[in-house]
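The next block holds one structure in the form of structure tokens; read it before the comments.
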Amino acid sequence: MVAFGKYLQRKQIEEWRGYYINYKLMKQKVKQYAEQIRGGSQHPRHVLKDFSRMLDTQIEKTVLFMLEQQGLLGGRLSTLRETHDAVLEQPDISKIVALRESYRDVGRDLLQLLKFVELNAIGLRKILKKFDKRFGYRFADYYVKTRANHPYSQLQQVFKHVGVGAVVGAISRNLHELQENEGSFYSIYDQPVLPLQDPVVDAIKTAVDKLTNSTSFLNFLAQHALIMQDDLQTPSEDTIDERTYHFNSLLLNLGNTFLYMVNTYIIVPTADDYSMSLGAAATVCGVVIGSMAVAQVFSSVYFSAWSNKSYFKPLVFSSIALFIGNLMYALAYDANSITLLLLGRLCCGLGSARAVNRRYISDCVPLRIRMQASAGFVSASALGMACGPAIAGLLQIKFKFYKLTFNQSTLPGWVMAVAWLFYLVWLCISFKEPLRDTEEQEEQERSKRNETSSMTDRVEEGIRKPLLITSGILPDDEEDCDESEESADESRRPANSFGDAYRLLTPSVKVQLLIYFMLKYAMEILLSESSVVTSYYFGWTTSSVAIFLACLGLTVLPINILVGSYISNMFEDRQILLTSEIIVFVGILFSFNLFVPYTVPQYVISGLVMFVAAEVLEGVNLSLLSRVMSSRLSKGTYNGGLLSTEAGTLARVVADVTITLGGYLGRNHLLNATLLPSLVICIGSIVATCCTYNSLY
């Protein structure tokens, strides 16, 4: 395939072509090494040494050129500084305007240099991954670790873009000094919180942030949401018009996420009592809680498809479905109908718009704030998970109004019905449907792109070029089509079915989805049966269960802060992944009631250990998924977010069914009966992780 090579030729600066990493040459070397090792003419250690030397040479060439360009930019800034000082002494509007434009020119050239560094970093990551894939080594880890902090290594110049900050600071400060501010000039250091309005500076800052390949709390949360985006997209290529972006609509989208999570967990502390009041067994709470997840399995698909055409209508339907479902849930008490109770929860599940919530952020939020919006999605989910049980604990009152009963069982339904009604009114008033191109416009643009691409191909034919290909974005070129012979358009086409999406999953991605299933299953078992287990063993009241569940929910954000800001910078993701799985296993193991009397400390500590480890595992697992899942799963109905949602929802359904079936063995055997499948699935996921450990990045 040559699709990315053509893209690269259009993006490369002609005068700099000789200074890019020669990806094509290194790829040919990898093939040559493979043939030599198969023929026995070359020892693997010699291959590693020779390839390391080649990489060092290529990186040195790129870094020295980058430093040379930084020096030229610094010289231009020094020259401009002399003119700047003269302008400050005798202000002249025309000279100030010309000087500002000169600084912007330097900024634009710096932006080109950052793109140059980014393309080389992508090529380096790709060739290291290709080498590991071809030979089965972990050479990438060895190469990066031995050179990242070595005093004589050039690698940190590529990834840490040393020296760029000084140039950015000089441009920013000087542009700020030249801003007209009532005839006076203030230092940028006197107003450190003043936002930088110049678009060139904003573009540079965005490019630097994109180039920085380190994990932060915000980035960790964004990946936790599994809202995928194209690694090659830059702010200048962002197709989302800033003028059409609507902040209130984003808030409404996040509000839907928050309310749905509250709706999911607000009934957990009282579901067993509600079931018993309607003549069913306490363990039927598993079916009551899980029926919402059953409906979500189907609603996620049609909501994902619906979001291809509209965002407002799916959110309106979601609000109405949840309003009606909560009314049915609340009225089931006076109707003395377990059927109405279950239908109410099913109706609530049919209103699950999480697929729309993810899709809106991915498609309608500008690139510069998409990470913040993704982190907001995760934070809204975590806050809703904590608030649900907490609100249930506050609804410990009982009264009748006409023929309607309001108590701890029905009030969650009434409260959520009112909340969704207010949300629906706010939605209808404030939500703004994003503008969409018609199919005809899209077809015209597609034809125009194809025509332009065809002309460019003919002009560029025969030009020698270094090919840089980013992982998971496009297939390799014609000399190394490892697994794909698809056309460029087909390689970017979204999956059209679950079968199509499944075929795009690599073995390591399948293992990560299994891990996601396992952790959601274990968490659902812990949360859904908590009211039954604690009332049987410890005699806990609804308020006590609510406090316990709320405390568990409140650990989500602190744990993500700890992992995203510290732990993930100290260890590899795969190390954290496997360690978290083992800790989940330990938490499940110590939750069993075997030989000694079951105590509150044993239940609380083991449950907390399992829940916290599962939260760490979820964040790291989805972070890995967001990086290695095929780019074809970043768009369309059957996207990566839908697959993860379906895996987690199916886990919850199976867990809630397990609780109900375990109830037939009696409440004294429920705990062990439900923990045993969790233990087996956890062991299976650990074994699968160990088998694919070397393929996890």
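Keep in mind that glycine also has a Cβ here, set from the backbone N, Cα and C atoms.
Record features, source TrEMBL:
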type	residues	note
COMPBIAS	475-488	compositional bias 'Acidic residues'
DOMAIN	2-145	domain 'SPX'
REGION	439-458	region 'Disordered'
REGION	473-495	region 'Disordered'
TRANSMEM	250-268	transmembrane segment
TRANSMEM	280-303	transmembrane segment
TRANSMEM	315-332	transmembrane segment
TRANSMEM	338-356	transmembrane segment
TRANSMEM	377-399	transmembrane segment
TRANSMEM	411-429	transmembrane segment
TRANSMEM	544-564	transmembrane segment
TRANSMEM	576-596	transmembrane segment
TRANSMEM	602-625	transmembrane segment
TRANSMEM	675-696	transmembrane segment
Before we move on, state whether the transmembrane segment (411-429) and the transmembrane segment (675-696) share at least 3 Cβ pairs under 8 Å, counting only pairs 6 or more apart in sequence.
no
Ranked by Cβ pairs within a distance under 8 Å of the transmembrane segment (377-399), the first of 250-268, 280-303, 338-356, 602-625, 675-696 is 250-268
Per DSSP, the domain 'SPX' (2-145) contains 128 helix, 0 strand, 16 coil
Other same-chain positions with a Cβ less than 8 Å from the transmembrane segment (675-696) and lying at least 6 residues past its termini are 136, 138, 506-508, 511-512, 514-515, 517-518, 521-522, 525, 573-574, 577-578, 581-582, 584-585, 588-589, 591-592, 624, 658
*Are there at least 3 C-beta pairs under 8 angstroms linking the transmembrane segment (602-625) and the transmembrane segment (250-268), leaving out pairs fewer than 6 apart in sequence?*
no
Near the transmembrane segment (338-356) in space but 6 or more residues beyond its ends, with Cβ under 8 Å, are 253, 256-257, 260, 263, 267, 274-275, 278-280, 284, 287-289, 291-296, 298-301, 303-304, 306-307, 311, 314-315, 317-322, 324-332, 413, 641-642, 645
